[in-house]
Structure formats: C-alpha cells, structure tokens
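Participant: Just passing along the structure, written as structure tokens.
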Amino acid sequence: MRSVRITRLTEKRKERVEDLLIREERFDLYLNGKHLIALVCLPSDLKAFIVGFLVNEGILSAPYTVDLDIDEAAARIDAHGDFHDTAIQDFFAKKTLTSGCGSGVTGQDLEEPIPCLKVDTDFRIQREVISNFMHVMKEEASLFQQTGGAHIAALADAQGRLLMKTEDIGRHTAVDKVIGMALLSGIDPSRCVLFSSGRLSSEITAKAIHARTPVLVSRGAPTDLAVRLARRFLLTLVGFARGRRMNIYSAAERIIE
C-alpha cells in the first residue's frame, strides 16, 4: 500500500487527509522466451499467481512444475517448462477481453466446451458451513477494509477450515493466486470450496473448472454464461450467499442440509 495526501469532501467540511492506496503493478510474462501477455496485479505471491494463471488457462497441468525467473525491477517474469502448445496457440488466437477487473484477458473460448473433464467428485458440504465461512471471508479481507480496492479469494475444506486466502486488485487475479498457492502447498483443489468476492463471471467459472474445484461460492450474482458453463461441466455454482440464504445454480446435490 502507499499513503497519499488527498482532499476529502464531506457534507460539512473540506479537509486534507492521508489515504491508503493499493499498489498496482504491470508484469510481462514470457513462456520459454516468448511473450505471452502483460498482467496487472498486486506485486505479491507472484509465483503462485503465475502457476495459478497457467493452470487456470489450461496451459500448465500436473505436476505443475515450472521454473520462474521474476525480475520485479524490470517488471518481467520468465517461465520455463513443459506447456501445452495448443492452449498457448488458442491463447494468441482467441484472446477475449473479459469483464474482470484490471482489463482481464483469457485465451479460453467461453462459448465452446473448454478442454477439460467434467467436475466428477463425491465432495459434499453443508449449507451451514458455507454460511459461516462467508463471515470468515469478511473478517479476512483486511486489504479491502483498509483501501476499499481489493477482492478476496479463499479455499476452505468441507468442514469450513480456511486453507488459503489472498487479496488482489482483481477477482480473477485473486483466484489465480489462491489456486497457485494451494497447488504449490500440496493442497488438492478438488477437495475444496472456492470462495470469491464479486460477481461470478464466465472467466471465474472457467478458472474453477480448470482447477477442478467442485464448488464455487460468492455473495454476488452469476452471469448467464457462467451458469451455462457450470451446468455443462457439473460445477456447483452458488451465488447471493448471504447469511443462511443462497442460490444454487447447478449441481445442487453437493450442498446438503
């Protein structure tokens, strides 16, 4: 964060005060020496971010081995590994400017079946666990509380234990980071619930499908394309999770009373 002097206007006064701003940095990502994309994010947990981004785009798969050279001064990240050439070609050929914060871009063709298997798992979670964890999300969003400019993403197990969490300027970058953190820590996303702040867009839903997370939850609303993707790939999509109320848009059998 960075502190700046601003002019604050209220109904009764005008004053000069200190305000906290969230940091925003741009990094150029290269795969085996070839430029892929410029990414904008909070400059923290960069290794997890790149691993999560590549997995969620279908470019990298198990065992998630990648060598990273991160030069923050030059704003350059070099990734070396065995990547899926077809996914990289699709990324260049089918770039989509998404609705994500920070001008999100995806190489996935969101109108066509994305190249991954359907979410097939016996994972179940109680409704009460989801309701309780929404309060945890609010308490853990410290960067948002300080700046008002961050999204949070978190992973929890079926008992509602917080496993991983992160905040970033965009909800899609926060999801990439938390998935990357889990994979680097040996946590299996297929046994977790993914919680995300903000609306449930198609790109967030596609990321959850690629990461194999069976349940995606937000207090926000989903889009129609997000619901279509979730139903096609049997992802449990939960929106408007507030208190004990929630809307389940797909694969409702994973949410039990």
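Even glycines carry a Cβ here, placed using N, Cα and C.
Annotations in TrEMBL come from automatic prediction, not curation.
Summarising the annotation, TrEMBL assigns active site, cysteine persulfide intermediate to Cys101. Sequence annotations record features per position, and here TrEMBL assigns Mo-bis(molybdopterin guanine dinucleotide) binding site to Phe240, Ala241, Arg242, Gly243, Arg244, Arg245.
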Participant: From the centroid of the CB atoms of Phe240, Ala241, Arg242, Gly243, Arg244, Arg245, the recorded Mo-bis(molybdopterin guanine dinucleotide) site, which same-chain residues not already listed sit within 8 A by their CB, in sequence order?
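Facilitator: Apart from Phe240, Ala241, Arg242, Gly243, Arg244, Arg245, the close residues are Ser131, Met134, Arg219, Met246.
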Participant: Enter the number of other CB atoms within 10 angstroms of the CB of Gly243 (Mo-bis(molybdopterin guanine dinucleotide) binding site).
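Facilitator: There are 9 of them.
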Participant: Are there any residues at least 6 positions away along the chain from Ala241 (Mo-bis(molybdopterin guanine dinucleotide) binding site) with a Cβ closer than 8 Å to its Cβ? List them or say none.
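Facilitator: Spatial neighbours, sequence-distant, of Ala241 (Mo-bis(molybdopterin guanine dinucleotide) binding site): Ile130, Ser131, Met134, Val217, Ser218, Arg219.
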Participant: Through the lens of DSSP with three states only, how would you label Arg244 (Mo-bis(molybdopterin guanine dinucleotide) binding site)?
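Facilitator: The three-state answer is coil.
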Participant: Let me check the 10 A CB neighbour count of Arg244 (Mo-bis(molybdopterin guanine dinucleotide) binding site). How many other CB atoms are there?
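Facilitator: Excluding its own Cβ, the number within 10 Å is 11.
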Participant: For the binding-site residues Arg242, Arg245, which one has its C-beta crowded by the most other C-beta atoms within 10 angstroms?
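Facilitator: When each Cβ's neighbours within 10 Å are tallied, Arg242 leads.
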Participant: Residues with Cβ closer than 8 Å to the Cβ of Phe240 (Mo-bis(molybdopterin guanine dinucleotide) binding site), same chain and 6+ apart in sequence?
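Facilitator: Sequence-distant Cβ neighbours: Arg219, Gly220, Ala221, Met246, Asn247.
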